[in-house]
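Colleague: This structure is in structure tokens; I'll ask about it shortly.
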Amino acid sequence: MAKAAVTKRHHFMIQKLLILLSYGYTNGLDDAHSLRCNLTIKDPTPADPLWYEAKCLVDEILILHLSNINKTMTSGDPGETANATEVGECLTQPLKDLCQKLRNKVSNTKVDTHKTNGYPHLQVTMIYLQSQGQIPSATWEFNISDSYFFTFYTENMSWRSANDESGVIMNKWKDDGEFVKRLKFLIPECRQEVDEFLKQPKEKPRSTSRSPSITQLTSTSPLPPPSHSTSKKGFISVGLIFISLLFAFAFAM
């Protein structure tokens, strides 16, 4: 049992390192841009009626904060507000519909209540990368109560689970054609607005804090901003992440 838990954590660590590797590479490219949406689905209570929350960031700039209680759209630069609003408005309804669908799926998913401690808590991270010469694609990461993990790649419509237990849930979810369609077409429905905003030059915020841990990737805090000096720093970070990835694989053996 303990070995299985450790193996599960290793799989999750490797999965996060792969995402970090992707960001480390694209952050080293001057023309690389990204849209990231963090979704949270949880059980509401009388004291806290919040059951879903969505935050979307473009190149670390928060453009949309949406929940079943309120909605806020913002941009880091007044000159970008109009375009950020267009992106936020386009994403709002699809995200609302998706969160409702996710809530239904979590409610109907059988999980080990000892692992989930009651109603499952779902975290979903969508990452859309855009870089010249590369095909734009989105990656969806699913984390159910820090116990079940799986990923969907829209580029080749493939799924990957962290372990067998996660695979059981993943296979049921991927057989839902309507659900998969929502994941696949969320970005294409707003592709024009998103791409236009991503193409705009932006003054990205500088970070004075240390790099986030792997577990912070699924939180609502922004990712570390790219370097503006040279692409060399980006490739150095890739090398460090790659070394960490090798260690993770070694421990998982």
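Glycine too: its Cβ is placed from the backbone N, Cα and C atoms.
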Colleague: Just choose from CYS56, CYS90 the cysteine that Swiss-Prot connects to CYS190 via a disulfide.
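Modeller: Swiss-Prot annotates a disulfide bond between CYS190 and CYS90.
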Colleague: Of all the disulfide-bonded residues here, CYS56, CYS90, CYS190, which one's CB has the most other CB atoms within 10 A?
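Modeller: Result for the most crowded candidate: CYS56.
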Colleague: At 10 angstroms around each C-beta, which of the glycosylation sites ASN38, ASN83, ASN143, ASN156 has the fewest other C-beta atoms nearby?
Modeller: ASN156
Colleague: Please report how many Å separate the Cα atom of ASN38 (N-linked glycosylation site) from that of CYS56 (disulfide bond), as a whole number.
Modeller: 6
